[in-house]
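For reference, the structure is listed below as structure tokens.
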Amino acid sequence: MAQIIDGKKISNEIKEELKDKVLSLKKDGVEITLAVIQVGNDPASSVYVGNKKKACEYIGIKSLSYELPEETKEEELLKLVEELNKDKKVNGILVQLPLPKHIHEDKIIETISPLKDVDGFHPQSVGRLSIGQKGFVSCTPAGIIQLLKRSGISIEGKECVVIGRSNIVGKPMSMLLLKENGTVTVCHSKTKNLKEVAKRGDILIAAIGKPKFINKEYIKEGAVVIDVGIHRDENNKLCGDVDFDDVVDHVSAITPVPGGVGPMTIAMLMHNCVDSIELL
Ligand code: GUN
């Protein structure tokens, strides 16, 4: 029987640890504040932002909300970010993506102070990760490392195959697995013989963005499978990049969708907010 990796439970453990830490910081007179900026009202973004603010409240982090209209000019957003950079009471700044098309995301991300970059998207954070220096790490891949470690799955010496090379998941994921002494392969849309390459993985991370794309033909028997995808299937049911029912009897451990990787992203955002105290 495959081990079902319970992301909800592990994220709750992390949140409880952080809650205690925030409480003890409060006793020393330290308060943590996260500024959350949303431009426009994309429904999915509103749900994510709402969940992030709820998590802040639960843990005892103060959140400041900036809900800006869709037609906000790039300069206005840059000005807000610069003000928040200077504001000593603000520890973390989160600009929810995607931004409206007329705003250059790269420019906004680069303007956020690397000391307040709780998403870990700033080029300085990415660079630090790649050379093994301390800095903010992108929340989803950081959460996956926690899922593995807290489920007793070791990474050292394992063949780790990451499918997907996005800046937010695939690339930082490969760096983190490398840091944990995994042997890492990154696959993408131009990879030849994807099935064969994926099958090398003792640990397979699926971050492709295609519903139920990965079936057991891609998976080595007894592998650990981490599913980063979140989609609606033909019956409007949530599903991942992995065809869970097809592979579950073939793997040693797997994350479900929902309740696997998803809850970890917010837990790690909270972790980064608490960490930001040490950087200021
Ligand atoms: N949009 C989707 N995921 C994320 C995330 O982790 N951070 C931000 N800022 N925007 C997102």
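Cβ atoms here come from the backbone N, Cα and C positions, even for glycine.
Predicted automatically and left uncurated, TrEMBL annotations should be read as such.
Features reported for this protein in TrEMBL:
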- Gly164, Arg165, Ser166, Ile230: NADP(+) binding site (BINDING)
- 5-119: domain 'Tetrahydrofolate dehydrogenase/cyclohydrolase catalytic' (DOMAIN)
- 138-277: domain 'Tetrahydrofolate dehydrogenase/cyclohydrolase NAD(P)-binding' (DOMAIN)
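Cβ neighbour counts within 10 Å, taken over all protein chains shown, single out Gly164 as the most crowded of the binding-site residues Gly164, Arg165, Ser166. Helix, strand and coil counts from DSSP across the domain 'Tetrahydrofolate dehydrogenase/cyclohydrolase catalytic' (5-119) read 61 helix, 18 strand, 36 coil.
Taking Cβ-Cβ distances under 8 Å and a sequence gap of 6 or more within the same chain, the neighbours of Ile230 (NADP(+) binding site) are Leu238, Cys239, Gly240, Val257, Pro258, Gly262.
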